[in-house]
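For 1-28, the entry in TrEMBL reads signal peptide. Here TrEMBL flags 114-149 as disulfide bond. What TrEMBL lists as region 'Disordered' is 212-321, 500-541. The annotation compositional bias 'Basic and acidic residues' is assigned in TrEMBL to 230-247, 517-528. Taken from TrEMBL, the feature compositional bias 'Acidic residues' covers 256-287, 294-303. What TrEMBL lists as transmembrane segment is 470-491. As annotated by TrEMBL, compositional bias 'Basic residues' applies to 532-541.
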């Protein structure tokens with residue numbers, strides 16, 4: 001009978017957690033009265049949430065379970081669609097006094113390559129607005145949540161604020177927001193707005209960002225406009241000189257300055273190396289090449305043998321026509337330019353004068369608009385995005401209790417399952433790799449020229465199969481060595497060309513080196529200007 005396989009402890013842990021997750025999760029009912037708003041999506045959303053009827057929002061929302069759980073959420077069910085859905089609150093939530101916590105869960109069950117998974121907290125809409133008309137233009141107070149596409153990978157926190165001077169709403173983006181987790185697990189996003197003008201962004205209960213609404217370093221553009229701005233009507237004077245240095249007007253080009261002297265000249269002192277083969281080409285037709293039997297001259301053109309390096313040139317200093325190399329021209333100076341001097345008329349870099357900013361205002365606290373509705377308005381290339389447990393609370397203790405009872409149990413199950421799957425995949429992949437290595441080593445052991453080493457190779461293979469984790473690295477290393485020996489014996493090493501030394505070493509070596517560079521350059525030019533060589537291989541059907 002075969003040996004009974006052991007079930008890893010991790011699998012037991014996963015099974016236990018999955019079975020535990022089948023029981024109803026704690027719902028933080030003790031804190032339910034303290035929550036300003038809470039949506040668990042345990043029941044179908046259709047009687048509470050309104051799907052936008054705008055034509056562009058064709059994505060279908062579904063009431064579905066999170067994969068591996070009995071917990072329901074709001075599901076993005078189709079790829080490459082726009083989605084919009086909104087929930088009006090029974091009473092608007094003010095953001096000016098006290099602490100307000102915004103929290104929700106998302107699970108990117110199929111990942112997120114390009115799309116949004118954020119919420120919009122809408123301010124009171126204009127008279128006559130209807131939830132079924134919810135779209136991208138519906139004004140919001142805060143936008144919060146993941147967004148990823150191309151170079152964009154961030155957890156947005158954006159708020160809109162009305163300028164008390166101009167009456168215009170300005171969109172302020174959190175600088176350097178945290179990135180979106182790259183896995184397919186459930187994550188909970190929390191934004192805590194505090195009375196001291198700060199916002200904290202948490203992911204899975206861990207603070208990732210802290211910012212001050214009134215700080216110009218934390219939001220772009222800053223909430224408080226600058227006191228002064230450049231005068232848009234100010235113009236640079238025509239005689240304003242911004243050149244810090246100018247050419248010396250009194251400088252004169254020296255009489256011996258030759259602007260036409262070339263950069264390089266022929267080295268007249270160079271001599272052709274002894275043994276140079278003037279009449280031998282660098283490449284010759286491959287004498288072993290034969291015309292393919294199915295070669296059609298009319299269709300494929302005239303067949304020509306492929307070129308190989310001329311073996312006669314390997315032992316010689318060079319082949320072909322020899323020419324003196326070029327050297328740097330000692331008389332070269334290039335174009336003459338007058339030296340630069342300080343500009344006596346320099347006035348500096350011009351900029352318009354500053355004037356008082358008509359949009360400037362002072363503020364001790366942000367004048368947030370209240371939250372009248374919660375909307376999800378996104379475009380995404382992925383399906384499988386699940387929203388769950390949307391919460392608005394008075395303080396983080398309430399939000400924390402919801403994280404512990406609604407998010408953490410699910411996350412723990414998913415995390416353990418992920419670890420088990422990764423371990424299984426890694427073990428399976430390693431076993432397959434080891435089998436391929438052993439199979440190849442068995443074939444190598446049968447190679448005739450390694451017959452003397454065959455017993456040792458077989459012994460190593462048997463030990464490696466018994467303890468693959470300990471010896472597979474050694475076996476692979478031996479495999480590489482044997483393959484190297486095999487190719488060295490079959491193909492041998494390339495013969496290095498011999499150098500012919502002359503009595504006058506420096507000029508000869510210099511001429512030879514420079515000539516070799518010139519030959520390479522001439523060869524490249526000839527190849528680029530010559531017509532393309534007809535192919536000499538078998539044509540593709």
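Using the three backbone atoms N, Cα and C, a Cβ is placed for every residue, glycine included.
All annotation found in TrEMBL is predicted automatically rather than curated by experts.
The model shown is predicted, which means the values in this text are computed figures rather than measured ones.
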Looking at Cβ-Cβ distances, which residues of the chain lie under 8 angstroms from residue 149 (disulfide bond) while being 6 or more apart from it?
113, 114, 115, 381
Sort the residues of the compositional bias 'Acidic residues' (256-287) into helix, strand and coil with DSSP and give the three counts.
0 helix, 7 strand, 25 coil
Go ahead and report the DSSP secondary structure tallies for the compositional bias 'Acidic residues' (294-303): helix first, then strand, then coil.
4 helix, 0 strand, 6 coil
So if I draw a 10 Å sphere around the Cβ of residue 114 (disulfide bond), how many other Cβ atoms end up inside it?
14
